[in-house]
Every structure is written in C-alpha cells, then in structure tokens.
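**Student:** Heads up, here are the entries from TrEMBL:
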- A:9-35: transmembrane segment (TRANSMEM)
- A:68-258: domain 'ABC transmembrane type-1' (DOMAIN)
- A:72-96: transmembrane segment (TRANSMEM)
- A:103-124: transmembrane segment (TRANSMEM)
- A:136-157: transmembrane segment (TRANSMEM)
- A:178-200: transmembrane segment (TRANSMEM)
- A:237-257: transmembrane segment (TRANSMEM)
Amino acid sequence: MNMPLSRKLIFYTLLFVSALLVFAPAMIAFMMSFMTNQDIMAGNMIPTSLTFDNYLAVFDRFPLLNYLANSFIVSIVIMIGQLILCSLAAYAFVFMEFKGRDVLFFIFIATMMVPFEASVIPNFQTIRDLGLIDSYAGLSLPYFAMAFGTFLLRQNFKQIPKELKEASEIAGIGHFKFYLTVVLPVAKTSLVTLGVYGFLTSWNMYLWPLLSTTNDSVRTVQIGLKQLQSQEQLNEWGVIMAGGIIVVLPTLILLFLGQKKLQQGLAEGAIK
Amino acid sequence: MSEAAIHSEELTALSFEKIKKKQRIISFLKGMLFLMPSIVLFSIFLFYPLVRTIYLSFFLTDASGTPTAFVGLDNFIQMFTSPVFLQSMQSTFLFVHYTVPGTVLIGLFLAVIANEKLKGIGFFRTIFSSTMGISVAAGSVFWLFLFNPTMGWLNQILGFFGMESIGWLTDPNFALISVSVTTIWMNLGFTFLILLGGLQSIDSYLYENADIDGAGYFYKLRRITIPMLSPTLFFVLTVSLINAFQTFGQIDMLTRGGPQNETNLIVYSIYQEAFMNYQYGTASAQAVVLFVIILILTLVQFKLGERKVHYQ
Amino acid sequence: MKHVELIGVSKSFEKQQNVLNEIDLSIEKGEFFVLVGPSGSGKSTLLRMIAGLEDITGGILKISDKTVNHLPPKDRNLSMVFQNYALYPHLTVEQNILFGLHVKKTPKKEQQKRLKETADMMGLTELLKRKPKELSGGQRQRVALARSVVSESPICLMDEPLSNLDAKLRAHMRIEIRRLQKKLGLTMIYVTHDQVEAMTMGDRIMVLNEGKIQQVGKPITLYNKPANLFVASFIGSPKMNMGKAVFSNQQLIIEDKLHLSLDRAEAAGIPKDKNLNIGIRAEHIFPGTHDNTTHELEVINVEQLGNETLITFEIGKELWTAKWLGQWNVHTGDKVAVSISMKNMSFFDADSGLLIKPASAEREQEVVAI
C-alpha cells in the first residue's frame, strides 16, 4: 500500500527527531572523545580541532586492554555456559518424559521470582568462602543457569516436529546424540539469539563484578570505567568519553549485527 | 534383535510391570542428567541465597557476615522505623513511578513509528535499539557530562535561553528526576525491541481488512494495534517494573544515593548497608523486602498474563 | 507365517479410557495391511504402539513370534514413514538417508552400497546433495521412503504418508509404494483415513472406529459384504445409499417413499419384525429401460465426470446417488426412469447396525468378471 506524501513526511520528521534525541547522548560522547581538553573546558559544543590523543591517553594511563580482555573472557564464558545449560534443560523439558518433569519446570519458573540483587549478600559470601573472589569462575558461575534462556530455547525446541524425535527413536538414536546432531543444529538461530543476549548482558554487568573483584587482575571494563570516571573527575572529560566509547563499541557492533534476530527471538521467548 | 527379546511364555503381566518400572527409572535419571547442571547452580546461587538471606535477616552479624546474635524481628522493626529506609522506599517507588510509564510509553511511540514500511526504516530501528548495547556504566558516564553543572549541554542549553543553571544531580529536587531520565534512556532500547517484535507479529490481514472498511490511522492504532499488542505491553510493563526495583549501576555512578539520600534506591541501600557498613543482618532484611516486592510483581504477571495469552 | 500379532491389545490414557479396545489381529509376512478409519478412531495410536512410540496398556504384541511389548522402538526391527516425512532439515538427502545406518554401525562400504541402490531405485541419485527444503513434496516423500528402505527392516509402518501430496501425485505414489513393497517383500502396515487409498493399496484392510475393529478383510469383501452400517457407509465412493425399510403388504417400503414389490427369494431369512436399514451402491441404481423401469424419480443434482454421470435423488430424508457409465443428458428437475431391485440391496439391523444379508447380485458379477 502506498502512503500519501504528507503522511510520509510526518513519519520521517518524527523518526528523525526521535533518532536525534535517542542517539544524542552517545553521539555527544563520541564527538567529545575526539575533542581537545581546551574545547571541552571552554564549553564548546562544536570542536575547533579533532584529536586522537584521548584514546592514546586512556590506553596509556589505564589497563584498559586488560579490562577489555577480562570482559571478553567473562562474557564468552557466561555465554557458552548459558547456552550449554539452557539448551540441556530445554531439551529435557521438550523431548524427555519422566516423572517430576512438570514440578521441575515449575521450579524453573519460580527462579524468575528471585532477583539476583536480593540474593547478592549470600552469593558474595559463597564466592568469597570458595576463594573465588578475583577469579573468572567467581564472576561467571552464578550466571550459567538462566530460566529466561531455558524458556526461550524451550519455545524454539517445541517447534521442532516431534516426528523427528520419533524417527530417531526408531533408528536407535539416543537422547544425547539427538540433542547434539539434530536439535542444536536445527535450533541454531535461537541459540545465536540467546548467545547475543547473554553476551550483551554479561558485558554490561555492573553490581556483581563490583563486588567480586578487588583488583585489576580480573576486573571487567565496566568497573574499569567507573574507576576511570572517579579518578579523572572534573578535568579530563575527553579521556573518560574515549573510555566510554571503547566500552560500548563491542556491544553496539554485536547489537547492530544481531538486532533483527534478537528482536524476533526475544519477542518469542517473552510472549508465547 | 537384542538379548532383551524374551519368549512370550516367560513374560507375565508382572514382569512387564517390572520392566516398565525400570524403564521409568532410567528415563527419570536421564532427564535429571540433562537438568542437573542447571538445578545445581540454581540451588547454590539462587535457592540457598534466598533461604540464607531470610535467615540472616533475623540476626546481627560480624563484619564478615557470620551471624552473631539472634534478634528476631528487630532488624525489620528497626528498618521500618528508620527514616533513612523509609526515605529509600519512598524514593524507590517514586523512581518506579517516573521510569516505568516513561519507558513503556516512549518505547511504544518509537516502536509504532518504526513499524511503518518506509525506506531506510532499518536505520532508525538500529538507532532506537542502540541503547540496549550501551552499558549502565558507559551510559552513566555519557549522562554525567550532560548533567555537568558548568560544561554540561543541558545547562548550556538552559543558559542559551537565558535560564538559570540547574544542579541536576546535586539539587535534591532534581536528582531523582535526572536519574530517572537516564534510566528511561538506558531501558529504551530493550523495550523498543520487544514492542517492535510484538507489533510485527500482528497479522497484516487485520490491517488490510480495516483498510477495506476505510478505517483511519488512529482508529487502527486504537482498535487493532493496542489490543493485539496487549500481551507484549503487559510483559514489557512487568519487566520494566522489576528492572526499576533492581536499579543499581546508574545510582552508584551518578549520585551514590545522594543528595540527602534522595536517590538512595533499595538495591543501593542494600549494597551500602552490607558492603560499606557491614550490617549484613539489616541489609538482608531489606533484601527480603525487595524479594517480596518482586515476588508479588511476578505473581501478578503470571496470573494476569495467563488471561492475556488468549489473545494470541 | 504370522509376522505381527496383536492379542487383546488395548490403550487407555489417563484422561481417556479405551482409546483402543481389545484389538486382536495378525498380519502375515509380506502382506500389505491397511488400517483405515475416520480421525480419532485410534488407527494412528495403534500404529504407534506397534512402533513402540506409545505404551501398550493391555494385551500382547508379538513380532516374529516374540513378545515385544517392553522393547524400545529400535529393537523391534522396523522402519516408519511419517505423515510430515520427519526429514532432518539441516542434513542433505544423502545424510538423511544414512542417518540411521551410522547409529547401527553399518560398515562404510556397505552404507555406500545401500545408498546407491536405494537412490537408484527411488530416483534420488541427482538429489543426494540437496537439503529437504530444496525438494518438492513428492521428492521429500521419496526421501522418507528411501530412509525406510535403506534400513532393510522387514516391517515398514506408514502413517498417512500421502496426505500432504496433491491428488495427482498421490495416485502415482500409491502405485510406487505398492510396487516397492512387493519388490522388497516388506510387511507393510499402512494407516490412512482415505478409503480409496485403503481399497487400492491393501491386501487386507482393517476398518477401525472409536477404538474398535469394525471389519477385517480383503478390499472387495469389505465393499461387497460390509459387516455393519459403519463399514458400508465408510467404504466406497460415492458412499452407499442408505434408507430405513419396512415390509408391508407384499411390499418393501423405503423411507416411506420407494415401494418395491417383494422378491420372495431375496426376502427369505430377513426378520420382518426388526427395524431394518437397507443399503444400495450407486452403480446398482440402473437407468430405467422400457422393460425394467421400477420408479420415476426427480433429479436434484447432476455431476458430469466425463466417463460417468452422478445423479442425485431425494428419497425421504436421504440423498441417493446413482452412478451411470457414460454421459447422460439429464438436468436438475427432470424426472428420470430408474431400475431398483431388491437383489442389489444389503440389509442391516438398524438397532445393532449389523449386516443381515449382503446384496446377492454381487456373486453373479464376480463370476462375470472372471
């Protein structure tokens, strides 16, 4: 259907204005990361000259590369852990029949009612008592099991025709082989969706890394940014913004690449 | 055939039952094998902490969190008579009241205008969803500058129109609002993505049918889009509510609970009590309150959500 | 030799009792056996019980004289073709065909040999590298068959395998499946809701309704001597014309409308005091000639099929259809002469539904056919 020109114009105006407002904070930060300190201190909105110094400075003065590497490792470990645990659990809920399955499923639902923030005190003590403070394991382990991810995959696995399972049973293919050679490849897209989601949320974690890291050895980039901001307060905004831009770059790229899948996948897991 | 093939003469109904029972046990064990990793981790990091938090809320603890003295409901009584905690609860509810409708309404607006079939719409969708990829820490840093009293853009714009500067994060009248605006911005991406997904799953024949009837744009919006989107809206609403109650990062980055405890939201309050003041008992009591609030919200979602699902 | 044998097999679910009730059946080696019935009759459940995909709640199932109630599907030595073909969407045709052989640890050389043979036989050689979504419905169907053939299992189960194909392809595949079964000497158990499929493919047919066996027999027996009203109306197309009948004053009165003079030989042995139903096949309502016209009936619908003409009449509350060879220039509203005789009628007890006496004219026809 063709839209009348006047309505098209209205929509484009709304879209442009909204896009400008939504993207402004990030855009301004991006601009500032290339501005000299004089420009910023003078309160100039438009830079008089562009510089790459802020980026050099932030890498020079901070173990940013170290933080980035830590964040990558933690996010990928969490992502893989979630994919394995969630897909195994979802498989059991869809393709296996056994006593107590429905009760267990209810327990999984119930976990959604326990906010991580409310259980953070004992978790901190557990990780501390296990000697996992300042370790990748301590950072990632509490996030492996995830009810939301299990639901999302369960939703997707349910769309696999049950005849595939039955055909495999007749051919003598066991559960684990069916899971590995049929279910995982067929549900690839939803695994990617969950992977992207898991990576994004892990990369952006704040409270837990704040509690479970005490030094630079495994500190993630988010906490690094907090340190940067609290130490550079007042004067070096360009450097702080350069740090901020570097922190968001990986997730923004991932989001842009996976936006469509994420949107469909999340909506499915959320509603159906 | 396998060794299990037995001649019928040897098989009575009883032995069938035995074999069936054995098979049931085997399939139970197999099922548990698949679920065990999740169950173990849930137990360690979710169920145990939950019980432990409730347990701790009845005790005083030393600085490492070991319970030292049973105090019964003292922590709760103290908490509900402490003006600081009551202030924190009030701020939390105000914060929720500011951010949830704001996020959902703006997200809905963006989703509706980005659902049109126009050239270049993909670009706008990407921009609108972008804040989902911006972490709490980075987002806070961006806004920290905008809120900066002298160099920040917000005050510069006010100055441009000849208005007085505002202490966005330092003025008790503005701090909570500033934090709320930042939060709305941060949550917009996720809300937008979910709502757009919901809009796109509405069958297009509904609109085509309305077009044939000659329905106008706003009529369709009100009579088709919003009702059909209601399950998604409902989901987004509850998720936003729960998220709002769990807000922590931006508080830590922007205001640290100040000024005058105006932005001391409940999770930040728990954090301070436990990890700054080492009062694990009272912190746990606060966590129990947070848990109860979330529990009620989730239950409401399940209860109402069940009914809403029939729309689909 | 009995290949598959069911003794008093029953199925109950928690919510639904007696989905299948005391099924006794034996299927010979190399036989093409069709289970036919309307949806919900329990035919698929029965097939799935034989396959081992569904628990047997009562009775005994034997395959090759061994009780297999407790065996998992893989140990029953059978293959199965599903309605939706159950092809693995991420694997190529070749991988799909070989998927089961990998598990059974068939040697690589043997695998390739069987693959080649099967692909040749099914005409899939050109398609081996394709994915299922790049195939047409008929090709997918053949891949599903190939997967079953390659397993070399002596028993093959099929669950409505043709229902996703269009009519033309379906007719073609009927012949292909039938030929394949004969060639490989498979014992075939075939489930369908389509009585044409059942009639054209089966060596023997079992008609199932509401979990109970209605009749087991050769297709032609089911057609000529339906054991009860259900089988009579289920088998045959167009379906058998039915009507309530009473004897009165040397006449047989059908639906208070048709009056036939009594044929003593035909009426012998039919209890006059019972509620009766009669059935007559469409091809037995003949066009009336000068000699044999028994009734003049008003036409309410005509279907010209080219090689034959279907003419519908209203008989009381029933609609009766006559099937006449060739093309007839008849129009709605016309009165046409027909010949209806008692010797073509099957008589049923209206209360129990059971057959009292089949149409006797069939016997003569069989002789004619030879």
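A Cβ is built for glycine as well, from the same backbone N, Cα and C atoms used for every other residue.
Relative to the rest of the structure, where do these features sit?
**Tutor:** Here the transmembrane segment (A:9-35) has long-range neighbours at 3, 44, 47, 50-52, 54-55, 237-238, 241-242, 244-245, 248, meaning same-chain residues at least 6 beyond its ends whose C-beta is under 8 angstroms from one of its own.
Sequence-remote contacts of a segment are chain residues at least 6 beyond its ends whose Cβ falls under 8 Å from one of its Cβ atoms, and for the transmembrane segment (A:103-124) they are 89, 93, 142, 145, 147-148, 150-151, 207-208, 211-212.
Packing against the transmembrane segment (A:136-157) from elsewhere in the chain are residues 70, 73-74, 77-78, 81-87, 89-91, 93-95, 108-109, 111-112, 116, 123, 127, 130, 183, 187, 189-191, 193-194, 197-198, 202, 205, 208-209, 212-213, 218, 220, 265-266, 268-269, 272: each is 6 or more residues past its ends and has a CB under 8 Å from a CB in it.
Note on the transmembrane segment (A:237-257): residues 26, 29-30, 32-37, 40, 51, 53-55, 57-58, 61-62, 64, 68, 72, 196, 199-200, 203-204, 221-222, 224-225, 228-229 of its chain, located 6 or more positions outside it, place their CB under 8 angstroms from a CB of the stretch.
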